[in-house]
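Worksheet: the structure to be examined is printed underneath.
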């Protein structure tokens, strides 16, 4: 059976056709602009198999976002350390993703829960072309430990199926993007389940899609591996969008190649 490899195909394209660029971290990158990958969520859950992706961290970070949290303590308590490099001495990150998703501040002092609003729109006006959630709050960027990389997603319903498109302005193709793909695919399943819909596609759209210079060997190793079938997501329905737990979210049939380590560019 031929296994689709849209992520690996883009990774190879960037490695072969990308331009060399300097970057904020001083590491250097090979980069292409304006790329897209599509995943049919009915053909398996897109957790990459050409290297192991730490699914526990994917789940934990998404649950943390959905709680509107901005402190890494809950993540650390659950053995997730992916945000440690950016936290201050008190564990704070400022008004990052979850805060904007759940509590976007308005000029008149109110706060908007974008996730609840998106779910309400799916239930009551599924054909809306305005069902967008944004983490890119220009007025608060300077207070964030790291401005959002995956900054906006749009939900779309057709024929009873929910699709999601993400826009990611800055895409670390080796370390970050495999994680982001799994996270937003999971979020799409959760929205669909809570709204009584089936899943359709997850579409990942990237702006600056780059491979860091210190990841070139790891990318070559990953691209030498043969992809295996995606696993199956098993999602127990929670009472609400905000009451999912680790126990509700598992994958079966995940048989990846071994982990490939790489240094995060901070």
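Even glycines carry a Cβ here, placed using N, Cα and C.
Per Swiss-Prot, the features are:
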| type | residues | note |
| --- | --- | --- |
| ACT_SITE | 149 | active site, nucleophile |
| BINDING | 24, 129, 130, 169, 170, 171, 172, 180, 210, 211, 212 | dUMP binding site |
| BINDING | 54, 172, 265 | (6R)-5,10-methylene-5,6,7,8-tetrahydrofolate binding site |
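Feature map: annotations from Swiss-Prot on the structure.
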{"residue": "24", "record": "dUMP binding site", "contacts (Cβ under 8 Å, 6+ apart)": "none"}
{"residue": "54", "record": "(6R)-5,10-methylene-5,6,7,8-tetrahydrofolate binding site", "contacts (Cβ under 8 Å, 6+ apart)": "259"}
{"residue": "130", "record": "dUMP binding site", "contacts (Cβ under 8 Å, 6+ apart)": "121"}
{"residue": "149", "record": "active site, nucleophile", "contacts (Cβ under 8 Å, 6+ apart)": "168, 169, 170, 171, 172, 176, 180"}
{"residue": "210", "record": "dUMP binding site", "contacts (Cβ under 8 Å, 6+ apart)": "14, 18, 21, 23, 29, 30, 31, 32, 170, 171, 172, 173"}
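When every Cα pair among 24, 129, 130, 169, 170, 171, 172, 180, 210, 211, 212 is compared, the largest distance found for this dUMP site is 36 Å. According to DSSP, residue 54 ((6R)-5,10-methylene-5,6,7,8-tetrahydrofolate binding site) is assigned to coil rather than to any helix or strand. DSSP classifies residue 212 (dUMP binding site) as strand under the three-state reduction. Neighbours of residue 172 (dUMP binding site), defined as other CB atoms within 10 A of its CB across all chains, total 23. Reduced to three states, the DSSP call for residue 24 (dUMP binding site) is coil. For residue 212 (dUMP binding site), the Cβ neighbour count at a 10 Å cut-off comes to 23, with all displayed protein chains included. Take the CB of residue 170 (dUMP binding site) and look out to 10 A: across all protein chains shown you find 20 other CB atoms.
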